[in-house]
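Per TrEMBL, the feature signal peptide maps to 1-21. Here TrEMBL flags C145, H147, E181, H205, H408 as Mn(2+) binding site. Annotated domain 'Peptidase M20 dimerisation' per TrEMBL: 229-321, in sequence order.
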Amino acid sequence: MNFSKWVSLIFILNLFCPTLSFSDSSSSSSSSSSSSNGLTEIPKRFLQFAKRPELFDWMVGIRRKIHENPELGFEEFETSKLIRTELDKMGITYKYPVAVTGVIGFIGTGGPPFVALRADMDALPMQEMVEWENKSRIPGKMHACGHDAHVAMLLGAAKILQEHREEIKGTVVLVFQPAEEGGGGALKLIDEGVLENVNAIFGLHVSSNLAVGEVHSKAGPIGAGNGFFEAVISGKGGHAAIPQHSVDPILAASNVIVSLQHLVSREADPLDPQVVTVAKFQGGGAFNVIPDSVTIGGTFRAFSKESFMQLRYRIEEVIRGQAAVQRCNATVDFFTEAKLFYPPTINHKGLHEHFLNVAGDMIGIHKVKDVKPLMGSEDFAFYQEVIPGYFFLLGMQNVTRGRLESEHSPYYQVNEDAFPYGAALHASLAARYLLEYQPEVSFSERKIHDEL
């Protein structure tokens, strides 16, 4: 194809295809003009709406129903039924089932641009130790990571957006996601096409150590990539009194563990945080018997995909090599099917500017703070590998009511006073995004969602 034909093709593509801008300059220009067109008032109005007693009490009731009936990943059938019932009451269309129990709702015109809001639904396999009227009624299962609150706030955002649907210039996609806790629910939703035509996605997580009414986040990496490994180191068992007749896998495993620590202390850039932790060691059952084999396992984490994959490569190399030094054999399993590698959670720079503008207009920029990157992982990162995404922490600590336990504790509690902020931020981020990032789309080329 000659140059003139290429120019013609590019002109046609620019004429008929949607173009969205996420640059700092576009965010700045949007921010500077927002006062004149009333955009700055949207977050304030939405927060006032979310604080209405009837809406607040409704969100609290939804959360407590879900809390009483916790369901593990891909088993959230009753949670999903409750969500669909509430969407039906609001007149919001949706797709179900998606990825077994997922629900995908739609509010707006049915046409572009599309922006998504995500809430995870699953609970954890642990026993709740908090005694209160809405304690988990399912033995060995508990909402100890706030996902019940996430669902309640996204439903609250749906109610706000549906009440103000005449202001929505595009389509808001509500993503009620199963199996965040290790099941890779986000990846399964992506495989089923949930992000098709979606231009950006936002998500939040309640935080027990941040003040209620505050939000924390930043551009770039905020959560680490996460993987698991397990190794079986095999030798030759025998009597502990005559070790020369054995090949000791416990000694080999001990050398492996020490050598694995050198991957971070001697091979990693000190300015590039990484973690390798061996948290499992099983071998032997008697004081005077050298076992035939030892099993060790652990986790590894990093903030860049390159560092993450380098750790994975070196973990296997070190385990096999150190085992061989001690005359043992080793097999290494990274659970690539049962336990997915979670990529780093990396916030889009342009969406960070959008978040600062919206959250600042709602609660004041002094309550919008940078977050320190955490070595924890979040499967929201799978969405961010496909489209621009932004994840933030929502404070819920009230020091006058005592300290809240951290996530995954059997004593975990949620301060429901945070709900209006979460619901209003969800709704405001979506509504403002659709107003500020309008694509240039030929009407004849628009893809309309059949659900609407």
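Cβ coordinates come from backbone N, Cα and C, glycine included.
Between the candidate binding-site residues, H147, H205, the densest Cβ environment within 10 Å is the one around H147. Cβ proximity to the Mn(2+) site centre (mean Cβ of C145, H147, E181, H205, H408, cutoff 8 Å) flags the following additional same-chain residues: D120, D122, L124, H143, A144, G146, E180, E407. Among the binding-site residues C145, E181, the residue whose Cβ has the fewest other Cβ atoms within 10 Å is E181. The Cβ of H408 (Mn(2+) binding site) lies under 8 Å from the Cβ of L124, M126, A144, C145, each on the same chain and at least six residues away in sequence. Helix, strand and coil content of the domain 'Peptidase M20 dimerisation' (229-321), in residues and according to DSSP, is 39 helix, 31 strand, 23 coil. The average pLDDT the prediction assigns to the domain 'Peptidase M20 dimerisation' (229-321) is 97.
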